[in-house]
Structure formats: C-alpha cells, structure tokens
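Report on the structure given below.
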Amino acid sequence: MGTPRESRTNQAAEVVDRLEEAYPDSTISLRYSNRLELLIAVILSAQCTDERVNTETEHLFETYDGPEDYANAPQNELAEELNSITYYNNKAKYIRSACQTIVEEHDGEVPDTMDELTDLSGVGRKTANVVLQHGHDVVEGIVVDTHVQRLSRRLGLTEEEYPEPIEQELMELVPEGYWQQFTHLCIDHGRATCTARNPDCDDCVLADICPSEKGDSEIDLASGEPW
Ligand code: SF4
C-alpha cells in the first residue's frame, strides 16, 4: 500500500503532476471535425469504446451533414448505420431528437450552456461537459467517466460512488486549470496501467502514493472489495 499525501488537495496535485509527466500528449480520443460531430460522437460513446465509435462515425459523418439530416433521417435507417454500437436503437433516437431540438430551438447550432445541452435528448452532465470543453472552450466541471470514477476512488481522492458527487468533490481538489486535463490523464492511465480488472501496480507511477496498491493493500478502494 502506498502512502497518500497528507491532504486530498496535495494528493490530487501530486497525481496530476505525475500523470502529466507520464502522458504529456493526453487528450480526447474521439474523432470529430465540428461541434455537432463531437456531440454525436459523445452520445455514441456511452458504454462503448472510443475506438468503436471512431470506426462507425467515419462513414456516418460522410453520410449525414448537419442537424437537419439527422433530424429527418428515418429511425430504422439511422439505427442501421449504427448497429455495431451498444444501444444503437436508443442512441439513434437520442440523436434524431437532439438534432430536432437543435434545428427548432437553436438555429441549427449546438448550444453552449450546461442547461441547454442537458435539455437535449441523451445528454447528461458528462456529455455536456465534454461538448462544452472541447466544442466551446468552456470548462464548467470535470468529466467523470468510468476511468475517473475508478481511479479517484482507488487513489483516495473520494469515497463517493456516483459520478455527480464525485465531480463535486474533485472540483474542490483539482486546480481549476486542470479540470479538463484531469479526465484525459485518468483515462490514459486507466487504459494503460490502472485497468478495471487487473491493474499493473508494479509498473505504476503512482504506486508509492496509492492506498489501493496491490503489493500491500488487500482492498481495491474502487470497489471496496478485496483484490
Ligand atoms: S495501478 Fe495500482 S498503484 Fe497504480 S493507481 Fe492503480 S491501483 Fe493504484
């Protein structure tokens, strides 16, 4: 078991420092070329890998151009285009409905406030945060996906279980200038080393400050269960 820094604020700062050094080019891995494509890619990425989404959106973005195209697409046709993606039927519905709202209420533009974004079908706070950060350069919060959730708990930054309270706690700990990057760093480390089932603690840059480190700790703080 590693020894965390004396306060959670210092622990968060140390985690950011070390992960920044380990992953200097960390950034979003979804591919898009405008705000609407970003919104659609993020909706599609719920419980699906970014890699799979990127493969599907390559032809999707060539076929459909602008919110009217999606809003007017027949449900079956759009769902068929997305059929290798998890929950493709529901996601096709969300995309059609969100695009309808964008056309009818926002002059065809992806809105730039948390309230307006979360009013769109299929858009929760996490999706809205990603679109605000990468589409509008507005950082209102911290995107808490499955990697951020797992690593924050393992590293002793939070004991909360669900994304929204975790985000509130992290916003108190992580310096505001790092709110966006914190997510990407956790995602990179979560994919490369601190994986859900079999983290490689022996080869982890955070091992000496991680209270879940497998060498000594019997408990995975992410799940609260023994390793
Ligand atoms: S890989 Fe192990 S030591 Fe590193 S952050 Fe994850 S649980 Fe902690």
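Here the Cβ of each residue, glycine as well, is placed from N, Cα and C on the backbone.
Predicted automatically and left uncurated, TrEMBL annotations should be read as such.
Model, not experiment: these values are computed from the prediction.
The Cβ of Cys194 ([4Fe-4S] cluster binding site) lies under 8 Å from the Cβ of His147, Arg150, Leu151, Arg154, Asp200, Cys204, Leu206, each of which sits 6+ residues away along the same chain. When secondary structure is read from DSSP and collapsed to three states, Cys194 ([4Fe-4S] cluster binding site) falls in the coil class. The [4Fe-4S] cluster binding site annotation in TrEMBL covers Cys194, Cys201, Cys204, Cys210.
The domain 'HhH-GPD' annotation in TrEMBL covers 44-192. Mean pLDDT across the domain 'HhH-GPD' (44-192) comes to 97 in this model.
Neighbour list (Cys201 ([4Fe-4S] cluster binding site), Cβ cut-off 8 Å, at least 6 residues apart, same chain): Ala207, Cys210, Glu213, Lys214, Gly215. For the binding-site residues listed here (Cys204, Cys210), the lowest count of other CB atoms within 10 A around the CB belongs to Cys204.
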